[in-house]
Structures are given as structure tokens and as C-alpha cells.
Amino acid sequence: MEVLSMEDVAKHEKDTVLFPDFSLKVYRQGVTAIYSSLNVRHVLLNMLIGKHSVTSGKIFVQNESYNINRRAYLAQIAVCFFEEGMYERLTIMDCLKFYQGLYQSKQTFEQVLQWTQLEDKTHTKVSKLTFSERRRVQFAKVLLQDAALYIFEEADLNVDLETKRVFSTIIQKLQENQKAILILTGNMENAISVADEVYRLDEKGLYKVEIDEGKDEDVKKEVPDAEEKEQTFKFHKIPTKINEKMVLFDPPEIDYIESKDGQAHLYIKGEAFPTTFTLNELEGRLHYFGFFRCHRSYIVNLQKVREVITWTRNSFNLILDDQAKSSIPLSKGKMAQLKEILGLK
Amino acid sequence: MTFSMKRVLAIFNKDLKDLSKNMFVSTSILMPLVLAAIYGRMAEDLSIESYYLVINLAFTMTATFIQCAIIAEEKEKNTLRGLMLSPATIPEIFSGKSLVAFLLSIVTIVVSSIFMEYYPENVALVAVAIVVSTLFYIALGTLLGLLARSVVEASVIIMPVVFLLGFGSFIETLMDKYPILHFAEYLPNLQLIEFATKVQAGSGLTDVWSHLSVITAWFLIVSFLTIVIFKKKEIDA
């Protein structure tokens, strides 16, 4: 049964398209993540809580719409904001008592405290908590609500390992209780680690991200040290230089990388940005994001590849899904590797 | 739409606890109390004006300022959004908050009156006037709280109110000099003094109802303005 249903929702801001119309359904027990830029995330969240009116398209939660019955709609959603205001001077217990009274919750404190691992902090003031512990208090707040749809905004960004663990337990508990979960994040790793379905939302629309492929690659690389793996993710933007300015790009934005005159150029929407890294360095850094060294002087973002064209038996080209439909050479030796990645023999 | 007393009490409890730990705001209660204690020790027999100087100060410093500060803080700390998304209705949220300011003002006024040894001739009648005035000052606090963006800003915009309504009895002396200021006698604080003076002189409800209705009118006007501003802010936000 579907809990959240978004139909042809779109947002334009002045002349720019934030995201074109898309439809999305989140079902009971489903965990869906939307990976997007900060801007898109804010707009989407504000639409979901009714702060921005939905100008084109419709949003329903349990068949309730904000415009028709505001209270019934809001009663169906529980939101855990990234920048949630908290009552700093109250202790955790007082906060929870307040939320319990406010939401008329039947959930017991013991249960919630146990799930959020806050049992030994109940008499600590909120202002004295660490960032991760505050996050867990916010999780506790959400758990005290009895909604159909739970929305988490950047729930496990910059938190410690314990909180990450708490977060995935909470998701599991909510799933067991027949709830639907929507995760809004700007961090692909977070999205992939907890969600069943991951989508990317940008000005081109809503795209489903295949999780399995990413997992396979992780296994293939066999990174034994979890810490080392995390560091790779923490520092994943690629710096480029334009005139005297430094511009940082998110790997998913990059279409492909070309080495020209001894310098690597990132291609983003048909524009080239020179970077100081060598192709070998980039290959190492971008491996996790589904980038593939398809040629001695090319690295391609596999997510963007639309077609593989065979010219002759020994010459291949990759056609990308970008505006210019760029064509990139694929070396003969690399074809076997690519087939392996694609799961073809 | 149902009005849930449980939710109101939850908000009331939370705000009371929060306030008791917020020294910056809660110490404002002390000012009228200290003044009352000094006045009570200074003179044997105080005039109605001095009693009401303290009571009016108590109104502005507790009812208005506390209400204004807790609403402004809720906005500043970004917690109002959570409240708005919760099942609590807007009347519930504001009643919970007003209840805190209401209770504290009544306590402050009763304690100050005991300190000053002020015993009205007709306690019931004065009590009604005090309650109606408290409602007016709380409504004013709500209005200012909606306008202020932070607690610091709240303590700044409260200043003119404290001067005009808290120390307002001084305007009377100016009124004789500048006839243009005569409209000031309709201010709720001066109306309350007039009311109390007449009650002290032994008048009954028939003589003083006009003052009471002026204060009620003030309350209604400010409440109306508050609702208008709230609606406007809600659309803007």
C-alpha cells in the first residue's frame, strides 16, 4: 500500500528549473532515499510540510492532502529536520515528556530511550549534549510520534558510529511497524547504506540509482579497513581551477574526464574544467563512484553511459547521456573489464 | 478541531520548566517584587498610585515581557516549526504559553500586594480588573513576541511598553501641562488606577464598569491585532 504519493511534482524558480515534474511513491515498509543538492532538498522538504505550496502536481500522504485537510495531512508525517530547534535548557527526560504530551504518545520512554541509546543521559541538559547525542534526541522525538510517513533530513551526516547504528536500528524498527520512510540526503553513501531504493533528483529529473552495482564494486575492491573506506567518502569532491578560482565538483556531476596536453579536464555538462590531478590519481579517488578508466586518457562516469557502440571488432565507443551525447573511446583491453563490471561474460 | 487540555498542559509544563532555568527572563519577575518590598518598608501608608506603580510594572515585566520572550525564543531557536507541525492547534500552543505568563503575573501581583500591605476594599472587583488587565498585557506580549525575532530584540521592544504602561502614571502630571496628552487617560494602566481609586473609595460595580470596559476593549483590540499579524506572518513564512 502506498503511503506517500507524489504526482507530477515540479519546481521552477524564476528562469531555472530546480527539478522537472516527477512522480514518486513510497510504500509501507519501504525505505526510499532521495539524493539531491541542498537547494532541491530544502524545496522538496518545504513542499512536503506544506510550507511551500505545491504549484504543479500533487502530494498525498495516506490519501490526505495538505490543501484539503491540513491537520489530517500533518498528523500522517513525522519529520526529523537537519536543523531542528531544541529546548536547550531542558533535560532529555523533560523534552521527551513534553513530546509525549504533545503527540499524546503511547510509546514508553524506556523503549524509546533504549532504541536511541540515551538511557544514561536522561537527566542531562540538551545544551550539554554532543552533536550526535542531540541527533538521537531528535530521533526519540520522531519515535514518539505515530505517523505513517517518517522523513529524515540528513539524519546520519557527521554523526558518530554509535548514532549511525542507532539510526539503522530505528529504520528497521519503523519498517517492522509498517511505516514508510523517506530519507533526504546530499550524501550518496548515507542514502545507499540504509535505503532500499535510491533516487537522484536534479534539474534533469528523478533517476533511480542502482544500488547493487555500487555494492558489487565495493566487494571487488575489497577494502578491508572500514576507516580507510570512510575517509575516501569524506573527501570526495574534486577541485578544479578556473582562472584563479577553485571550484569543487561532486563526483556524480562529472560526465567524464579527459587528459589533454598532459592535463586532466573534468567535463561537466559540456564544459571543461582543468584539474591538477593526474588521471591515475583521479581513477583511484573516483573508483567508488562508479568511474571507469576506459582508455589511457579517459575516465568515464559509468552512471552516464547510455550506449556502447562497436565500430569494428577491435574498436568501441561509449555514448553518454549528457546534452552533447559525447562519445568516448573505449580501449580494446578495457572492454573485457567493462563487461565484467556490467555482469556480462 | 478539538481542544486538548493535555497538550496545553504539556506546553505549559515545558515552558514553566524552561523558564525556571532561563535566568535572563525569569529575573524580570524580581524587579516588581523588590520594588514592592522597598515601598512596603519605606512608608507606613502608601497611596493607590504607588501600589499601582508596582502592579503595572509587574504587568509589563512579567505578563508582557515573559510572554514576549518565550514566543521570541521559540522563533529564534527554530522550535516553533516543530510545534506548528505537531498535532497541537494554534489556540492550544498559545494558551499553553499564556498560562505560564498568566500564572506568574498573578503570583507576582499577589505577593507584591502582600509586601506593600495593599488590601482593596472590594477584593472580588479588583481581582476581576486585575485578571482582565493581565489578559490585555499577555495579548500585548504575544503581539510583541510575534514581531521580535530574538530574545534580545524582545527585551529592547519591551522598553517603550515598560515606560508607557509600567511607569505611565507619570503621564498624569504632564497631562495638566499639555492638554494634548489627555487621550492618555484612556490607557489601560491609568484606567486601572482610576478604577482602583474609586473602589477604594467604596464605589460598586455600577460606578466603575466603564473603566473595566475600556480595559476589556484594549484587550480585544490587541488580541485582534495579534491574530491579524499572526495570519500575515504565517503567509509570509
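Backbone N, Cα and C atoms are what each Cβ position is placed from, and that goes for glycine too.
Predicted automatically and left uncurated, TrEMBL annotations should be read as such.
Residues or ranges marked as domain 'ABC-2 type transporter transmembrane' by TrEMBL: B:43-227.
Per TrEMBL, the feature transmembrane segment maps to B:21-39 (among others). Using a Cβ-Cβ cut-off under 8 Å and counting only residues 6 or more beyond its ends in the same chain, the transmembrane segment (B:21-39) has close neighbours at 46, 50, 53-55, 57-58, 61-62, 65-66, 69-70, 73, 104, 108, 111-113, 115-116, 151.
The transmembrane segment annotation in TrEMBL covers B:51-72 (among others).
Summarising the annotation, TrEMBL assigns transmembrane segment to B:93-116 (among others).
Annotated transmembrane segment per TrEMBL: B:122-144 (among others), in sequence order. Cβ atoms under 8 Å from those of the transmembrane segment (B:122-144) belong to residues 55, 59-60, 63-68, 71, 94, 97-98, 101-102, 105-106, 109, 154, 157-158, 161, 165, 188, 192, 195-196, 199, 204-205, 208, 211-212, 215-216, 218-219, 222-223, 225-226, 229 of the same chain, restricted to positions at least 6 beyond its ends.
The list of residues near the transmembrane segment (B:151-171) in space but at least 6 beyond its ends in sequence, with Cβ under 8 angstroms from a Cβ of it, reads 24-25, 49, 52-53, 56-57, 59-61, 64-65, 68-69, 72-73, 76, 137, 140, 144-145, 181, 184, 187-190, 193. If you look up TrEMBL, you'll see B:151-171 (among others) marked as transmembrane segment.
Residues or ranges marked as transmembrane segment by TrEMBL: B:208-230 (among others).
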